[in-house]
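As structure tokens, the structure follows; a few thoughts come after it.
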Amino acid sequence: MSFCPNCGHGLNSDQQFCPECGKPLSRSTSTSASNSGVTVTVEETTAPPKPMSKRQKIVLLSSGVAVVLLVVAYFVLQHIASVEYRLDRFEQALEEKDEKALMKYVSSYDANVAVKESNIQDFIEYVNDDPFYKEDLLESLREQAKNLDDPQVELYEEATVLLKKSGKQFLLFDNYKIQLLPYYFEIETNYAGAKIFIDGKEVGESDSDYFVDTYGPYLPGEYTIKVEYQSELASLDHEENINLFDQSGQNIYVDMWLEGYYVEVFSNHGDGGLYIDGNYAGTVWELGTIGPIDLDGSHTIYMEKEFPWGTVKSEEFEITDTYYDLSIDPMTEDMRNQVAEAIYTFEVQRFLSLQTLDPAHIVATPFYAEDLAAEVQYYIDSEYVYYGTGLDTVTVDLDTMELYTEEDYIHVDAYGKIDWTGDVYPASYAEEETPEFVESITTETDSDFRSYGVLYNFETGQWEVDGLYWSPYSEFEPDGGLVVFDANTEI
């Protein structure tokens, strides 16, 4: 057993410090001399450690502080880089309408489209004007944050604002971007040559009357879409204000149908030339309707048609309505009298052919003259004769005459009335019937209303009757333009 050299306390052989006084113990080696009975103890004492210098103490302290700071910094940066912190700052920036801060937090889903201050301004205005949208937006972003690491979740592609991971920040932590989803305008319009504008910038021109094309991408915001159509006759435009925050889906259909006015044109001579602002536009039959055209009276319309006797022009109108009747009356008063005289001559000669049973007296168009000659020949073959004095008077209504044209002829419809005495009967009546009967058929008067077809002869410049029809027209207007010929009228 050994003892502490300092306090004498008993020690065990494996102790390095005195349990009583705490003094460090030295190692000792004992050698016994057998011949003398003397024990020799050799002590090995460890040199006490040198005290630390001031610099070493500072370095050690600084290292400890640095470790602590690094640990604190890590957790601070982890918090700052967290998606929750980013969303809180985003919400705060919205509340404070901090455009600069939002420009840092918000980017475009499409790398080819840059976020502009106008996009942020529209975003701030819309979100703060609609608290329900704002609440839904923040809730949607927080819901997206919960599922960022789940590749199976694809719930937010229809949202206007998306939350996405975007690289690293502070080299260690995920970076998060709040991204605006881009949109595309699908614009339809209905006039070829219409110019399309988005926020005052021309982006396209239609090339058909049923035009659809897509323009974009555009970030959420308010946009003014305008379509303008300009022609010699019309100036049309249509404007729509579109707020993309209100939309769902990336393709936004915009109906930019232009409402142009159309003018319907009628004429009793559809092959006549139609003139707009003095310029030939085609025939009435070819066009039918004109448009689009402004109805502000800035345009004029009329029709002209060439006739063998000259050009006839309709009334000219300033266009303020959607329908115009451009009918013309190409018949002058002299022409009407010429047609009436042709009818009178026809009737005189027709009765003369019946009275003389000589078709050579017939005056009509060649085709109709053949029909009348065949009638006379029938009477000759049937041994008929005319009893009575024949034609008394012919009355023609000048006011109801209507002129029609086709490619190779000009035709007038005219109404008239004839009075006559007698008729065609078998020649045998003179011998077989009583004198009283013969007298009655000879002196019997009759009248009939007739409709005449009269053609213009381009070679002779004369009017010729081409047809005779019974007419339901049974009376003339009292103040109508009537001309009456008796059987002895000279023309």
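Glycine residues also receive a Cβ, built from the backbone N, Cα and C atoms like all the rest.
Database features, via TrEMBL:
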type     : residues : note
COMPBIAS : 26-46    : compositional bias 'Low complexity'
DOMAIN   : 3-25     : domain 'Zinc-ribbon'
DOMAIN   : 88-179   : domain 'TcaA second'
DOMAIN   : 184-232  : domain 'TcaA 4th'
DOMAIN   : 259-328  : domain 'TcaA 4th'
DOMAIN   : 339-468  : domain 'YvbJ-like NTF2-like'
REGION   : 26-48    : region 'Disordered'
TRANSMEM : 58-77    : transmembrane segment
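Each residue in the domain 'TcaA 4th' (184-232) has a pLDDT score, and their mean in this model is 95. Residue counts for the domain 'YvbJ-like NTF2-like' (339-468) under DSSP (helix as H, G, I; strand as E, B; rest coil) come to 50 helix, 59 strand, 21 coil. Break the domain 'TcaA 4th' (184-232) down by DSSP state and the numbers are 0 helix, 32 strand, 17 coil.
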